[in-house]
Amino acid sequence: MPSPSSSDELIFFVNGKKVTPGPFLDSFPPVRLTGTKFACGEGGCGACTVMVSRYSTTNQEIRHYPATACLVPLCSLHGAAITTVEGVGSIRTRVHPVQERLAKCHGTQCGFCSPGMVMSIYTLLRNHPDPTPEQVTEALGGNLCRCTGYRPIVESATTFCAEPTVCPVKGSGKCCLEEEEEEEETGSVRARRKVCTKLYDKDEFQPLDPSQEPIFPPELIRMAEDPDKRRLTFRGERTTWLAPVTLMDLLELRADFPQAPLVMGNTTVGPDMKFKGDFHPVFISPLGVPELCLLNSEGDGVTVGAGHSLAQLSDALKSIVSKQPAEKTETCRALLKHLRTLAGPPIRNMATLGGHVATRATISDLNPILAAGKATLQLISKDGERQIPLDGAFLEGSPEANLKPGEIVLSVSIPYSTQWQFVSGLRQAQRQENAMAIVNAGMSVRFEDGTSTIRDLQMFYGGVGPTVVSASRTCAQLVGRQWDDQMLSEACRGVLDEIHLPPGAKGGQVEFRRTLLLSLLFKFYLRVRRGLSRLDPQKFPDIPEQYTSALEDFPIVTPRGLQMFQCVDPRQPLQDSVGYPVMHQAGLKHATGEAVFVDDMPPVGQELFLAVVTSTRAHAKIISIDTAEALALPGVVSVITAEDVPGENHHNGEILYAQGEVICVGQIVCTVAADTHAHAREAARKVKIEYEDIEPRIITIEQALEHSSFLSPERKIEQGDVERAFRHVDQIIEGEVHVEGQEHFYMETQTILAVPREEDKEMVLHLGTQYPTHVQEFVAAALNIPRSRVACHMRRAGGAFGGKVTKPALLGAVAAVAANKTGRPIRFVLERGDDMLITAGRHPLLGRYKVGFMKNGLIKAADVEFYVNGGCTPDESQLVVEYVVLKSENAYYIPNFRCRGRACRTNLPSNTAFRGFGFPQATVVVEAYVTAVASHCDLLPEEVREINMYKRTSQTAYKQTFHPEPLRRCWKECLEQSSFHARKQAAEDFNRQSRWKKRGLAVIPMKYTIGVPIAYYQQAAALVHIYLDGSVLLTHGGCELGQGLHTKMLQVASRELGVPTSYIHLSETSTVTVPNAVFTAGSMGTDINGKAVQNACQILMARLQPIIRRNPHGKWEEWVKKAFEESISLSATGYFRGYQTNMDWDKEQGDAFPYYVYGAACAEVDIDCLSGAHKLLRADIFMDAAFSINPAVDIGQIEGAFVQGMGLYTTEELKYSPEGVLHSQGTNDYKIPTVTEIPEDLHVTLLHSRNPVAIYSSKGLGEAGVFLGSSVLFAISDAVATARRERGLKENFAVRSPATPEWIRMACVDQFTDMIPRDDPSTFTPWSICVS
């Protein structure tokens, strides 16, 4: 052990500059590079991606690879060069082509993920200056984006590809729709304008010049080649990092510190320390040991050093596969298939083969394949070397197969396969890429030469127990059997008998996982049958053609897109940017990492960090809170509880700190303020709370109904005579639909900087919020001071989607109370898991319907009940219910219609606003019963939709008059332009020829409401200053969340003032400049703030008019100067009174909304009936945009909303325990769509119409697209119905959301689902439950 005083010099480079901490790591100097973002802390989102460059002495080459900074230990960087987004380019010096194209292709919205995207693309280009589209898609596989829907990001990167990726026609390079740009059809609104398809001009892009990239620091090359390298020791506050450079040194350290983890990629040790609280006083890092990086493919197989990263392993296997005969590389190719989707590129470049094997994780994608391929491990210690098989005994942790103390994995040997051997890797995950498998498998069979007689069989499964398990008994029983259907049946029964998955097993999905055991085995069986047939077609007949669809997984295809919108009138002045696809005003700052978010702000003097202590019980009395141990820790300043709130701890039904009792898991009980974030987190874990449970504990909607537990009164609308109509219809159906909730997953978690002022009890807060006024109200109430002494500053938020409307007010008050108590600034940044736990999300919904209809599909009556799971406090649940009820008819006129809704009080964290505000959940119920009617009438759902759609000027069920012509037009255009009927016929042909994959299509219409039925929530104000140099400062009450609101406001001000947007500056939103601003939500940000900005500018222009008339040819600056000289005010407040909406719930009528947004979407999906996977092939979206102020922003909002909705309806699944504990608290457990989930082809068309009530005849499009994502859900439902129909099952089955792989697979009932054992629900407690 090194002496306490010894520590070597840690040397690495950041953006070309040498970084050297002092003698101890505690003295590491802050480099203040804030472009790299912290979003998840577990390597799952890519926001913190940087490029690591290292020099290899083996081949004298420099290796560039992406890495997630949140998992990279500082000490592991010795000898490395790090490039962050700031080192790529800057608006202060030179913007790099990658950054420029991402911004100009409109690939940034909120901008929080943009630096990570830039770094992934930049690293790709450093290795491949002319990448293929496939390489682009793979490079982005580890990066999440919640705003854009990925298409523009991919498009920006593929501009570096040599081959075209956008809609080429016959090699001409032109868009297939360019001809339409020149045509003007008569008799339609569309004919009045040309159609444009270009959102950016490629000619503006600067070229990529690889020769201009920074060089690798020569000093690091000299260090790497130093012949006198020795072990390095780096010492921190509590830990020591040991870095040996020889194998013998490593083995000595391993012997001396047998409990010390070996750290190379830190992809397991790091998360375990962070999330499980593991602590290690010593780390051993063998990064510099060359023996761990050897590769040998001579002889009978491949030997790969344990130090190879998974990305290096993939490269090596690709090379071997390209050189060796296919019959020898069965195992290699199976590994390569899984390596493509295992995690994302940063993790694959960090994680090592040895670490992956040695952890023996149950969800390992490689270990089952290695075991099936009969790989062996070369182990070494000071006592010598030995080999052990990587088999079931090793993977299941048998004592005789474990590593001995002091041993390490030196290498892994993978035997070559033989001609009569087949090896496969199979897996099913929640999404295709960057997701841990639900169940995976490695299988191998070897036959007696020239026969189908089993000589050896291996089957290993992951995800069905605490370790990877082997079906060894079943395999042994099948040796000597023929590879036929009888053998398959026995194998299935044997696997189910041998591998026992308890009904309450961790991870849930028990019946699904049991089914996957058989489904994956069946896939392997078919693949082997196909392989035998190819070896000897006469002897071994091929599988039926209908079965071939089971053989392959869905391919990963680089997505393509086409966007159509109305061109700007050529007579419009050039400086007037309204109507043009203008880049986001902060786009370049997003791409360079120079856009400042709250946590990027420099430290404030004496600031403290805040960590939360949350309830672990759903409903309990607090017996005691013991803070003694926490307060005794270094750096801890204070523990804050309800007793420290000087004003209201309970405000408007919301609770800051729990007091006396807790009412949900995740409720804030107290907070800890300390000098560092790490100290605050550590102290928070030491707070001890004693509880006494209280009954009832209500978690689900059904439980709430049993206990009559509600948050608010029922809301109802009704028209016609529903009961009478039911007596005069041909058929009546009843059903219920469950729609589970959704996590906002904004990339920037809730972040607050609260700064107390000594003078006058003022409190200043910097935060990302949609509603600064609400924050001001809660902080003032909590501190018992006037609102005028609370200043809220909001520059931008890294995504919000409704999750930053009410929640920042509560969290801001919590931070302000801490700042008030300590008298010091408080920096409060929620970890991703805490954010998901505390802030909740979209309301789960239960819909029950009774529908009466005629044989032709005409619906005569509907009685619908909605219940939402509101959680433990009111939040916005009542308003959500009102929206649900008012929007419940969607696009359909049902003459006799009744809808009732109510919010349930449960012991879950309070659900809140979310993009769409109840509409995406409620209208799934509507479309579900329309689909059910179609099934009963033997009609296409699209036919029933059209029959019942509004057709003429009508009144809604709440008596508001509207004209549905744009709705009808969106529907017609969608059917025609998507070629729905032809593709539907092609799908039917496909389905007849495919037993195990089915194709479905659906077209969904939409009538979406904008704004709120409360007039005073739609007022807005703006403040415009003109300075003497002619520059303009614009401020308004809206919040920039990534939706381009500020960009549009600049366009509005530019038009109204007649000056270029370059003259206008928009800094921030603040309660100091614009008081009492309403929330930025409901798709009305541009509508109301645009009117206020317009009003302010028109006031100023009216003042300037006399001067302009006297000098009409003068310049703007001259007019401004003259106005000042004539004492004319150059500052104006603009105001918009708001849309005068209303809703009388007693009369069940009102003009509830100012206008409607109409749309339609067509989705085409393939499903895998055996695994439950799905692939979205194409989506066509048609949106009535009226006149788009900025088509790039509007299309970005539509695409982003669509993909977010697609996630709601497919991959995003919140899992709660029966005790109310949220299991899914991070990227490992909650899966938003990645780049591989979006449509292979995405077509978006903005249709032109008129909307005289809104500014420039525009429409708010920020939310409407979410529901159109349900077209994917109903396309999946269509495919499932086809599978069920083919199997003789009833087609009308219960649609639910999300349509996860579990739901898809279990709905496609077949012989395998029939074979699995079923458990009596009364005999066990499930791991997770549905809360809708």
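Note that Cβ sites are derived from N, Cα and C of the backbone, with glycine treated the same way.
TrEMBL labels come from automatic prediction, so no person has curated them.
The annotation [2Fe-2S] cluster 1 binding site is assigned in TrEMBL to Cys40, Cys45, Cys48, Cys70. Residues or ranges marked as [2Fe-2S] cluster 2 binding site by TrEMBL: Cys110, Cys113, Cys145, Cys147. Sequence annotations record features per position, and here TrEMBL assigns domain 'FAD-binding PCMH-type' to 234-419. The annotation FAD binding site is assigned in TrEMBL to Leu262, Val263, Met264, Gly265, Asn266, Thr267, Thr268, Val269, Asp365, Arg427. What TrEMBL lists as Mo-molybdopterin binding site is Gln770, Phe801, Arg915, Gly1082. The annotation substrate binding site is assigned in TrEMBL to Phe917. TrEMBL lists Glu1263 with the feature active site, proton acceptor.
Taking the features listed in TrEMBL, we show where each one sits on the structure.
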residue	record	Cβ contacts under 8 Å, 6 or more apart
Cys45	[2Fe-2S] cluster 1 binding site	Ala39, Cys113, Gly116, Asn143, Leu144, Met747, Thr1227
Cys110	[2Fe-2S] cluster 2 binding site	Arg146, Cys147, His590, Tyr746, Met747, Glu748, Arg796, Ala797, Gly798, Gly799, Ala800, Leu1041, Gly1042
Cys145	[2Fe-2S] cluster 2 binding site	Cys113, Met117, Ile153, Met747
Met264	FAD binding site	Ser76, Ser285, Pro286, Leu287, Gly307, Met350, Thr352, Gly354, Gly355
Asn266	FAD binding site	Leu71, Val72, Pro73, Ser76, Met350
Phe801	Mo-molybdopterin binding site	Arg146, His744, Tyr746, Phe914, Arg915, Leu1041, Gln1204
Phe917	substrate binding site	Gly802, Leu879, Val880, Tyr883, Ala1081, Gly1082, Glu1263
Sparsest-packed among the binding-site residues, when each Cβ's other Cβ atoms within 10 Å are tallied, from Thr268, Gln770: Thr268
Inter-residue C-alpha distance, Leu262 (FAD binding site) and Cys48 ([2Fe-2S] cluster 1 binding site) (nearest angstrom): 24
Cβ-based neighbourhood (8 Å from the centroid) of the Mo-molybdopterin site, residues Gln770, Phe801, Arg915, Gly1082 excluded: Ala800, Gly802, Gly803, Val805, Ala913, Phe914, Phe917, Leu1041, Thr1080, Ala1081, Gly1262, Glu1263
From binding-site residues Thr268, Asp365, Gln770, the one whose Cα lies nearest Cys70 ([2Fe-2S] cluster 1 binding site): Thr268
Of the binding-site residues listed as Cys40, Cys48, Gln770, the one whose CA lies nearest the CA of Thr268 (FAD binding site): Cys40
Cα separation, Gln770 (Mo-molybdopterin binding site) to Asp365 (FAD binding site) (Å, whole number): 42
Sequence-distant neighbours of Cys40 ([2Fe-2S] cluster 1 binding site) in its chain (C-beta under 8 A, six or more apart): Ala47, Cys70, Arg832, Gly1226, Thr1227
Nonlocal residues around Cys48 ([2Fe-2S] cluster 1 binding site), in sequence order (Cβ under 8 Å, 6 or more apart): Thr36, Lys37, Phe38, Ala39, Thr68, Ala69, Cys70, Gly116
Maximum Cα-Cα separation in Å among residues Gln770, Phe801, Arg915, Gly1082, which the record lists as binding Mo-molybdopterin: 12
Cβ packing number for Cys113 ([2Fe-2S] cluster 2 binding site), 10 Å threshold: 30
Chain-mates of Cys110, Cys113, Cys145, Cys147 with C-beta within 8 Å of site centroid, [2Fe-2S] cluster 2: Thr108, Gln109, Gly111, Phe112, Ser114, Arg146, Thr148, Met747, Gly798, Gly799, Gly1042, Gly1200
Cys70, Cys147, Leu262 as binding-site residues, winner by CB count within 10 A: Cys147
Cβ packing number for Asp365 (FAD binding site), 10 Å threshold: 27
Fewest other C-beta atoms within 10 angstroms, as judged across Arg915, Gly1082, Glu1263, which are the recorded positions: Gly1082
Mean predicted confidence [pLDDT] for the domain 'FAD-binding PCMH-type' (234-419): 95
